[in-house]
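This report refers to the structure that appears directly beneath it.
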Amino acid sequence: MTGFLIQGVSVLGASASDLVIRDGFVVAAADGTEDVVDGSGLVALPGLVDLHTHLREPGREDAETVETGSRAAALGGYTAVFAMANTSPVADTAGVVEQVWRLGREAGLVDVQPIGAVTVGLAGKQLAELGAMATSAAGVRIFSDDGFCVADPRLMRRALEYVKAFDGIIAQHAEEPRLTEGAQMHEGEVSTRLGLTGWPAVAEEAIIARDVLLAEHVGSRLHVCHVSTAGSVEVLRQAKARGVRVTAEVTPHHLLLTDELAASYDPVYKVNPPLRTASDVAALRQALVDGVIDVVATDHAPHAVEDKECEWAYARPGMLGLETALSIVLSVLGERWDLIADRMSRTPARIAGLDGHGTDLAVGSPANLTLVDPSARRVVDPAELASRSRNTPYSGTTLPGRIVATFLRGEPTVLDGKAVK
Ligand code: DOR
Ligand code: ZN
């Protein structure tokens with residue numbers, strides 16, 4: 001075990017002080033054995049927690065592995081990520097979630113917490129072994145068919161009932177399948193102009209409205225993945241005001257990018273749910289500040305070159321997120337460090353019941369933290385990303401902020417902006 005004395009760092013935006021970590025925890029004072037890190041000009045945040053990451057292992061290790069995705073996460077300031085279940089085979093059994101969990105521990109760069117599938121093979125027909133996944137070594141608490149919607153209302157009800165017993169969560173990819181058949185982008189003025197089949201906002205809003213009613217009826221916990229429309233925000237606002245146990249996430253790309261980018265026909269902008277309009281973006285930003293949307297989650301979706309550098313209609317949806325998320329949020333929210341820590345670390349950790357993450361970095365806290373240089377600027381070069389894939393929508397863009405160091409239980413995973421292993 002090592003120790004670090006981070007000198008003159010601003011903890012969560014407070015005035016500069018020394019931050020000492022030793023033997024995995026934040027401690028009160030240095031004892032002279034620590035390595036010294038110059039923290040001047042840097043902000044310390046609790047390590048970021050991503051509730052929505054696609055790591056692609058098992059099955060598409062050519063696009064990402066648990067290890068490469070973990071390294072991308074650490075470089076993005078994350079200390080914990082929740083790995084989506086749409087792998088091959090699907091993470092719908094205790095065996096697969098334990099495999100992902102073990103690969104994460106072996107990589108040792110972030111805490112990888114597997115999400116279990118709601119239905120067998122994500123097929124939406126029968127419930128997966130939710131209980132066996134919950135009691136496995138992976139200790140799964142969040143279940144999702146992400147990539148697909150649990151569209152059958154009876155199955156959704158059963159899933160909510162099942163996880164209530166252990167305070168689990170169903171994380172829904174809200175997309176009414178009949179309303180989005182053949183959809184290529186947001187349905188609106190731009191899709192009409194381009195002649196591409198539209199994905200209407202109501203396909204998301206209708207499922208969220210249904211699911212908050214089901215969650216209310218059952219008294220169970222619902223989490224809404226990647227909220228993308230102003231109308232969804234209004235449904236969530238009303239549900240929360242009534243006391244429904246619902247939480248929601250927004251991605252960095254839905255906070256910044258709009259459907260106008262589809263006019264380039266560059267599939268790097270193809271994502272599900274699709275990029276929406278500027279007024280949706282404005283509503284999502286406001287909802288994140290208000291807390292109607294609880295967290296930022298990346299929906300980091302690595303794809304191999306052949307699945308992205310092709311015709312728009314054939315390209316897979318999804319974009320990279322882990323290594324740029326904090327920069328995007330910083331550009332959207334500004335240096336509101338407490339708000340950023342809340343939406344990217346504290347609240348996701350609380351939603352997931354993840355101990356030791358999302359702390360206030362007080363003495364005695366586990367040393368899961370990241371150091372950010374807010375004054376740095378960087379030009380995104382896909383070739384420099386740690387992810388095995390290259391599908392970032394920010395190639396060549398200058399972004400604010402740089403992750404200088406990340407510590408997982410007191411051990412550095414990133415130092416001087418570089419991965420330690
Ligand atoms: O754009 C997306 N990509 N949306 C999803 O729901 C799934 C994801 C993926 O797995 O690539
Ligand atoms: Zn999704």
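Numbering starts at 1 and runs along the chain as it is shown here.
Glycine is no exception: its Cβ is also placed from the backbone N, Cα and C atoms.
Just so you know, TrEMBL annotations are computer predictions that nobody has curated.
These numbers come from a predicted model, not from an experiment.
For the Zn(2+) 1 site, TrEMBL gives His52, His54, Asp146; the one candidate out of Asp290, Asp294, Asp299 that the record lists there too is Asp299. When His173, His217 are compared with the Zn(2+) 2 site residues Asp146, His226 in TrEMBL, the one appearing in that site is His173. Proximity to ligand 2 at the level of Cβ atoms, with a cut-off under 6 angstroms, picks out His173 from the binding-site residues His52, His173, His303. Annotation: Asn86 are the binding-site residues among Asn86, His173, Pro317 whose CA atoms are within 10 angstroms of the CA of His54 (Zn(2+) 1 binding site).
Contact annotation for binding-site residues (His52, Arg56, Asn86, Asp146, His226) versus ligand 1: Asn86, Asp146, each with CB under 6 Å from a ligand atom. The two recorded residues, His173 (Zn(2+) 2 binding site) and Asp146 (Zn(2+) 1 binding site), have Cα atoms 5 Å apart.
Non-local neighbourhood of Asn272 (substrate binding site): Gly147, Glu175, Trp199, Pro317, Gly318, each in the same chain, at least six residues away, with C-beta under 8 Å from its C-beta. With respect to their backbone Cα atoms, Leu55 (substrate binding site) and Asp299 (Zn(2+) 1 binding site) stand 10 Å from each other. Across the domain 'Dihydroorotase catalytic' (43-230), the model assigns an average pLDDT of 98.
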